[in-house]
Amino acid sequence: MISGVSALPFVRVRQHVNPLAQKYLTPANPLEWEKAYSTPHQPLHLDIGCARGRFVLQMAQVEPNWNFLGLEIRESLVIEANQFRSQLGLTNLHYLYCNANNSLQPLLSSLPTGILQRVTIQFPDPWFKTRHAKRRVVQPELVQDIANYLAVGGVVFLQSDMEFVAVEMCDRFAANPAFKKVGTGEWLTENPLPVATERETTTQNRGEPVYRALFERSS
């Protein structure tokens, strides 16, 4: 139970959602930023694939001088997450139901320049089969959308418990000239953020590795 939040009915959802299915091909409408946040000109942290949204829910409380936007393709989870946010009275947090692979441009194009300063993509669906690789969230087009709107000096934090997923995500960002990898090692040993995701905590408690990397918007 999250402190200050009354119990909500548990929402059961499909673990895997095909982002190429017809129902997910319509891009999200632009946000009315002034209605979504009490202080819309604070720096924005975008969490792509936020699931139940617990990570950004905690981040919004730890970093009240930032705004947080969680994107999730499973609508029932977004409804639940926004209920939690409302119960806590957080005005620097918003969740949006959308397919990130076709919605970043219409969402972020209305942001003032320099507002988007941090992006996280954590433990995305691995889509193990090669024929399903196009369903993985980190595609070259998504990387370019992030490059178009992330402030120079802004960062992208990636992590997964599947090494092949982490490698593919890193390869996609490394292939874009707008990004440079931070650090000299292949993987970060520590999470640079003050909050861990539930999946991260569970994985580490089992003694299993988490593959992390940080990229900076360089030009």
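Just so it is clear, glycine is given a Cβ too, placed from its N, Cα and C backbone atoms.
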Joining Glu72, Asn99, Asp125 at the S-adenosyl-L-methionine site recorded in Swiss-Prot, out of Asp47, Asp145, is Asp47
As a whole number of Å, the Cα atom of Asn99 (S-adenosyl-L-methionine binding site) is distant from the Cα atom of Asp161 (substrate binding site) by 22
Glu72 (S-adenosyl-L-methionine binding site) falls, by DSSP collapsed to helix, strand or coil, into strand
Comparing local Cβ density (other Cβ atoms within 10 Å) for the binding-site residues Glu72, Asp125, Asp161 points to Glu72
